[in-house]
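Chemist: Mind looking over this structure? Questions follow.
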Amino acid sequence: MVTIRADEISNIIRERIEQYNREVTIVNTGTVLQVGDGIARIYGLDEVMAGELVEFEEGTIGIALNLESNNVGVVLMGDGLMIQEGSSVKATGKIAQIPVSEAYLGRVINALANPIDGRGKISASESRLIESPAPGIISRRSVYEPLQTGLIAIDSMIPIGRGQRELIIGDRQTGKTAVATDTILNQQGQNVICVYVAIGQKASSVAQVVTSLQERGAMEYTIVVAETADSPATLQYLAPYTGAALAEYFMYREQHTLIIYDDLSKQAQAYRQMSLLLRRPPGREAYPGDVFYLHSRLLERAAKLSSQLGEGSMTALPIVETQSGDVSAYIPTNVISITDGQIFLSADLFNAGIRPAINVGISVSRVGSAAQIKAMKQVAGKLKLELAQFAELEAFSQFSSDLDKATQNQLARGQRLRELLKQSQSAPLTVEEQIMTIYTGTNGYLDGLEIGQVRKFLVQLRTYLKTNKPQFQEIIASTKTLTAEAESFLKEGIQEQLERFLLQEKV
């Protein structure tokens, strides 16, 4: 007969009791009622927060945007093709965040910060919330350092400062992306981290931008965040916030950053699509009522930080596309009112061969000459005035055939000044080259040349001054001022090159 050993049994029971885990895990769950068009309606999830991430049974992540009395409206961060009606959903207790690190430089990622360039995983030890609050008034200081774009028309007349938000606005095919990418190219050696956010564009266009940045060595200091036209609306809506979070990471580490949103019209359309599918009431142009807040909370994150926070900066260049030049549509007026100025690109100027096609008349920088070095202020004031007078005279001269000599001279000068503002794509100029170019035009040295000769002469002049009068560039670079000494070097160089050029042309 088997003997029952009571001590052994009691030991086993004691062990079992000691191993018993009293912890109770409470999971906030719900059931899928309906799914489709990137939207899911969930029953349950009673304690979910607005903006909280939820996870579906098959792994798709969504964001709870609409909290209604009997269901929760969730936007999906994927295609959601495997989600079934009746399947369970659980709240994660987190809000959207992304990993951030220096390793992202030179990479192409999507809105969830996953690499899409086929070059392996990106290591990151820190993370940042995709939507974080903008710096407050005390955390900022006024914009005072220039951010050079390398484009004469912008740096002289519509200057951009570090920490500013300058809108680039125009019809399709007017060179908006070209202005933005040229600005990235010009940051080489300036210790500025660039983030280019492509929203709802063709994959081929994004590939073209990435290739041109790689060819010129600009990807070393650039991160590209891309959500193409075939991406879910949720990801197109999130992409700009992801870019801003990456730029903020560098800004708070006392670095200067430049972020380009290309373009916010497509983000607004993606948000409109999500809102209408969630049955939020439509407003003007069928956009939801909070579309202004969509852009304002994004653009307010651009700032020039105070000296206590390390003087880092985040400069934003949002791009907005207009329909046949209508700047008074809903999204353009919203973004104009949020930003510190706008660069307006005109299709008429573009077609007339004036490129970059910047309409100087209605473009403006609300930071103004605070974002220019002294030498640029000295030469740019005269340029603005002469171009404004030229625009007025040109309109007037169309009605009058017999003009006096002074008016004819002024028109001729204006045409040459307009010519010197033309620039090829991907050929940014240093600030010293811009100063010498503007000085040559405003002081009448180009008046004796034919309009067709102006650009050829200016290219040769820049090369000549670089090799024969390097002192000019050294003085400007060190003092940031057009001193009498620098001016004399510049005058000598222009006179010598002008004589050589005219001789060459005669021959």
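Every residue gets a Cβ built from N, Cα and C, even glycine.
Since we're looking at a predicted model, the values are computed, not measured.
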Chemist: Quickly, which of Thr257, Thr315, Thr440, Thr481 does Swiss-Prot have down as phosphothreonine? Just give the residue.
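Modeler: Annotated as phosphothreonine in Swiss-Prot: Thr257.
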Chemist: Count, for each of the binding-site residues Arg172, Lys176, the other C-beta atoms lying within 10 angstroms of its own C-beta, and report the residue with the smallest count.
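Modeler: Comparing Cβ neighbours within 10 Å for the binding-site residues Arg172, Lys176, Arg172 has the fewest.
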Chemist: Could you measure between Arg172 (ATP binding site) and Thr257 (phosphothreonine) for me? Cα positions, answer in whole angstrom.
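Modeler: For Arg172 (ATP binding site) versus Thr257 (phosphothreonine), the Cα atoms are 27 Å apart.
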Chemist: Relative to the Cβ of Ser363 (site 'Required for activity'), which residues of the same chain, six or more apart in sequence, are found under 8 Å away?
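Modeler: Long-range Cβ contacts: Met157, Ile158, Gly341, Gln342, Ile343, Phe344.
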Chemist: Cα-Cα separation of Gly175 (ATP binding site) and Thr257 (phosphothreonine), in Å?
Modeler: 22
Chemist: What's the most sparsely packed of the recorded positions Gln173, Thr174, Thr257, counting other C-beta atoms within 10 A?
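Modeler: Taking Gln173, Thr174, Thr257 as the recorded positions, the minimal 10 Å Cβ count falls on Gln173.
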Chemist: What is the separation, in Å, between the Cα atoms of Thr257 (phosphothreonine) and Thr174 (ATP binding site)?
Modeler: 25
